Amino acid sequence: MSGTLTRPAETAATPSGPSAAQARPASRGQALRRHLGNEDLWTRATAPVALVVLVIVFSILNPRFLSWASLTSMLADSTIPIVLALGATFAVTLAGIDLSLASTVALGSVTMGLAYDAGLPMWVCAFVALFTGLVVGAFNGAIIGWGRIPDFIVTLGTMSLVMGVGLITSQGKPVQMPDASLSFVSVHGIGGIRYNFLIAIALGVLLHVVLFHTRFGMHLLAVGDNTDASKAMALRVSRVKLAGYVICGGMGGVGAILLTSYIGSSQPATNTDYLLRAIAAVVLGGVSLFGGRATMVGPIIGAILLTFLQSGLTLLGVSAFYSPLLIGIVVIAAALLMRGRK
């Protein structure tokens with residue numbers, strides 16, 4: 001890189017005309033390579049472009065794919081992956097990961113069911129689920145921040161611990177919650193678009209403001225980009241990490257509320273596919289796995305893309321067994337596009 005920077009200076013210092021003329025095409029070539037090789041641009045465009053291509057292909061193969069009923073149903077199905085992807089974005093922006101997200105959803109759903117079984121009002125039950133997610137996030141963040149233990153190890157342990165607590169507490173049995181106020185957001189909506197999806201989008205807007213328009217958000221991006229430099233700037237790195245994982249866990253709590261609302265009962269053993277899809281959506285959305293660079297729009301589009309992919313394959317009669325295979329391929333391809341962004 002230093003050689004590239006010194007050549008124009010050396011050429012400018014040389015009086016000969018031919019040398020100066022040769023420098024101009026070289027600089028144009030470098031500019032072209034920079035534009036074509038702008039990995040930041042390509043990674044951020046991956047999810048939107050892939051979504052458009054996928055919609056076109058599936059619409060040609062099956063015209064029912066783009067029917068309004070099918071579209072609104074798929075958007076509703078993408079709600080929980082969107083919420084979890086938003087939470088995972090904060091962990092990944094810190095150059096970390098939260099493997100306990102799906103387990104947090106399960107435990108939040110269990111505590112919500114137990115609160116309902118105890119006769120508490122529905123709004124209190126929902127708050128219990130949210131609080132459960134915040135506690136799990138705080139537990140992860142405290143150990144990662146102050147214990148200085150790698151996030152992968154901490155959240156891997158928390159994943160098993162939290163799932164175990166949920167199964168023991170509930171005895172593995174779901175609690176039926178036939179409450180109209182609970183199912184309201186999953187059944188009703190505006191113009192066919194259900195409230196649960198609108199809630200997920202509203203959360204995305206809120207977290208975008210938090211991440212890009214607050215001092216805390218700037219600190220979080222700085223810590224994710226370079227922890228040592230952040231310490232040198234007197235940023236409270238441990239507190240920033242704690243707050244980031246609390247938000248991540250909180251989104252797990254919100255996911256628990258929306259999942260329980262969608263199904264109508266607590267879910268002690270949540271499908272770990274939610275974790276895969278959340279992380280896949282973050283990667284597809286262009287969030288840097290190395291930390292310090294993020295977007296809220298990208299993970300939302302990534303989650304919708306994966307949901308559309310799964311639904312499209314189902315409409316075409318493709319076995320559901322192929323879904324994890326395709327998601328894995330998509331994630332690896334997106335990660336390869338992201339190489340070198342740091």
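Every residue, even glycine, has its Cβ placed from backbone N, Cα and C.
Curation does not apply to TrEMBL; its annotations are automatic.
Listed features, source TrEMBL:
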- 1-25: region 'Disordered' (REGION)
- 41-61: transmembrane segment (TRANSMEM)
- 82-108: transmembrane segment (TRANSMEM)
- 120-140: transmembrane segment (TRANSMEM)
- 152-172: transmembrane segment (TRANSMEM)
- 192-212: transmembrane segment (TRANSMEM)
- 242-262: transmembrane segment (TRANSMEM)
- 297-315: transmembrane segment (TRANSMEM)
- 321-338: transmembrane segment (TRANSMEM)
Winner by Cβ pairs under 8 Å against the transmembrane segment (242-262), considering only 120-140, 152-172, 297-315:
120-140
The transmembrane segment (152-172) vs the transmembrane segment (41-61): three or more C-beta pairs under 8 Å (separation of 6 or more)?
no
Where among 82-108, 120-140, 192-212, 297-315, 321-338 do we find the most Cβ pairs under 8 Å to the transmembrane segment (41-61)?
297-315
Would you kindly check 82-108, 192-212, 297-315, 321-338 and say which stretch has the most C-beta pairs under 8 angstroms to the transmembrane segment (120-140)?
82-108
Counting only residues 6+ away from its ends, which parts of the chain sit with a Cβ under 8 Å from the transmembrane segment (297-315)?
44, 47-48, 50-51, 54-55, 58, 61-62, 64-65, 70, 73-75, 77-78, 81-82, 85-86, 88-89, 200-201, 204, 208, 277-278, 280-287, 322-323, 326-327, 330
